[in-house]
Amino acid sequence: MSAYAALQKMSGASSILYGINGESDNDESGTIGYLRNSSDEEVEAEEAEVPTTSTMAPTPNIIRTPSIVPKINSFICESNFIPNDDNFIVFHDHIIIGLKANEYILINGQSKMTIQRGAILINTGHYMFAHPNNCIPIIASQSQSLPIISSTQVVDRSGIKDSKTDENMHLFSSNYKSIIKLENLYTGLEKIGTYHPPFKRLFYSHAVIEDEDLTEYERLFKTYSFEIILRDRGCIGISIEKLWLNQIQLLISDIHEDLIPKTIMIIGNKNSGKSTLSKTLLNSLILANQNTVSYLDLDPGQSEFSMPYCLSLTNHSKPIIGMNVPKVSGDEDSVSHYYGFTTPQSQPSQYVSIIKALFREYDQVYRPRGHHLIINTPGWIKGYGKELLNELTAFINPNQLILLSNNTDNDNMDNSDNLSGLTFQNSRCFQGIYQTSKYSPFQLRMYNKLSYFHQVDTLKFDFNSHILLRSPLKLSYETVNSSKDFKGINMVSVLNYDTGLNFELNDLLSMIDTSIMGLYLIDHEYYSSLKASLKKSEDCDYLPQYLNSTDYVNLINYSSSNNIFMGLCMVHSINTKDEFFNIYLPGHNQHRLTEMITKRDYKMLLVKGDGDIPSPDLLMFDMLLKQQEDLKRLNKKRKKNPNVDDKDVLKIPYVTFENKNKIGGIWKTRRNVMRRSHQR
């Protein structure tokens, strides 16, 4: 698919205003519009000629895999399970399902699953058996393919503990292979659609379902946090192809030949199935080893394992069914660092430095514990993206490098070009599965931001009230006139901006106001040694102290204990008269931050890269609707009396509801626009 076709199909740069149904208008003009920092931004960089390095890599072992192309169009779009009074038992907060041989269900929404009898296959590939203590959360959203739960034959009875109760006793017969229990799981994510209308179908919510469109059994799910897809409604299930399963089984067998933890890196073009394969491998290794697996996510654009604008190393001991929900900040079993951008090309040297630090953390802490490592990479394998891969593979030297491609023959010219110059011990080619999400990269990044700032605890989110209805945290900032024992925000920095070179210091507030910033704590002794390099202005003594981007790069040592990354904060506004920031940050992080500053005497640094606040958090949607309704009423009155004033109309700065003329007016803000005739 071309970049233009992808943009046409996946256009998701929704306006701050929406129609009555919460849907954004489509742009049907004949121009190519590129949204900055979308995952399609690297297209030009990929096409550019970049000299390859002359470093000779050791001759790797290339493992040939079958070149059979799986049938990627045979999607499963509905359950073949047919509910009745015998196999479908309904309770107020859970249901029990009996599956016969070869039956499966597609699950949409959020639930907790317990296997009560026998065994099941998840996504047609992951074998799990009954045990009362194995309660698995399922977070299934419309941004991804839905999980499939199918019955299967028990392989080994050892370890299986069936749960026979009065509720399911009649299902313990030869007619049924598997019994599962699905319980309600309300995390708060189901309410994100009321907070941001374009996400009203992202998670299952009975509030958006019309009764007249439902069958008798579908109507039962209106009291649950999940549903079973009983007929084709445009959903697609995750059905792992048999060829993938065979290749994964061979890979795991090779890994188990010795007891040394292995590193597996996955590369491929955009939308080729890297994240799906990474998660499939993660689940396969966890279930095969019953041991924790480490996961290094190198995609800063739309990762479900990292905070927005960050890169992370996380550890997982349970399989992930559906969407991964990151743990709250401060989790001791994960390491994150602020990168600041959504594409590696914005700060490539910083990008590589963070990845090397995260890999060292794995090498020194988690590899000795026996953790295997899975590395998921961005879809940028041409041009300068290839140069980054050259450097990263030379440093990591993965045991297994998996290339997702249209052709699984290693001798294929494109595959040979993609693998040339990379350092690895063994390589495999997997058939790519090319499927586009219903939601654009822009929308997925917005979801990541909203879920981060509205997360209350692990698997708990608050979208009941607007974030602006909460009082912001007031943090004083240090100026040239502050005392030596000042506690608060000691310095700020903007990546790629040095004073006198890229901007003037008196423009600083306009650069950081109303933005998302990374928050680092710096050891106070280390801070004292660099205080002389901070930029101050005697003429603007109300400004916070500024750290140049070049000094920031030298300051933050990602492998050092002198600095601690505390997550993200949202700068709502800056009061220059009283010298404080109004900020929002997740509630679970606020107490930890206060304790670190007051009791342990850390100094605080706020740093910004790309940091747009999501529009739903910037303005209250209800206020916009009220202004729109006020204007409608005013226009009706003015038709009868043109002299009616607008004193009763709610006024919001920088927002207008007046229609623009198509000719001579301004419809939309556009960036990097080229007409078709301008293409070369």
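Positions of Cβ are set from backbone N, Cα and C atoms, glycine also.
As the structure is a computational prediction, the values presented were derived from the model and not from experiment.
Listed in Swiss-Prot:
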- Gly268, Asn269, Lys270, Asn271, Ser272, Gly273, Lys274, Ser275: ATP binding site (BINDING)
- 40-49: compositional bias 'Acidic residues' (COMPBIAS)
- 51-61: compositional bias 'Polar residues' (COMPBIAS)
- 38-61: region 'Disordered' (REGION)
Listed in sequence order, residues not in Gly268, Asn269, Lys270, Asn271, Ser272, Gly273, Lys274, Ser275 with Cβ within 8 Å of the centre of the ATP site Cβ atoms:
Gly379, Leu404, Gly432, Tyr434
For Asn269 (ATP binding site): intrachain residues, at least 6 apart, with Cβ closer than 8 Å:
Gly379, Ile381, Leu404, Gly432
Which of the three DSSP-derived classes (helix, strand, coil) applies to Lys274 (ATP binding site)?
helix
How many other Cβ atoms sit within 10 Å of the Cβ of Lys270 (ATP binding site)?
22
Let me know the DSSP-derived helix, strand or coil state of Gly268 (ATP binding site), please.
strand
For Lys274 (ATP binding site), which residues in the same chain are close in space, meaning a Cβ under 8 Å from its Cβ, but six or more apart along the sequence?
Ile266, Ile267, Gly268, Asn376, Thr377, Gly379, Leu404
For each of Asn271, Ser272, Ser275, count the other CB atoms within 10 A of its CB; which of these binding-site residues has the top count?
Ser272
If you skip the near sequence neighbours and keep only those at least six away, which residues in the chain come within under 8 angstroms of Gly273 (ATP binding site), Cβ to Cβ?
Leu404, Phe430, Gly432, Ile433, Tyr434, Gln435
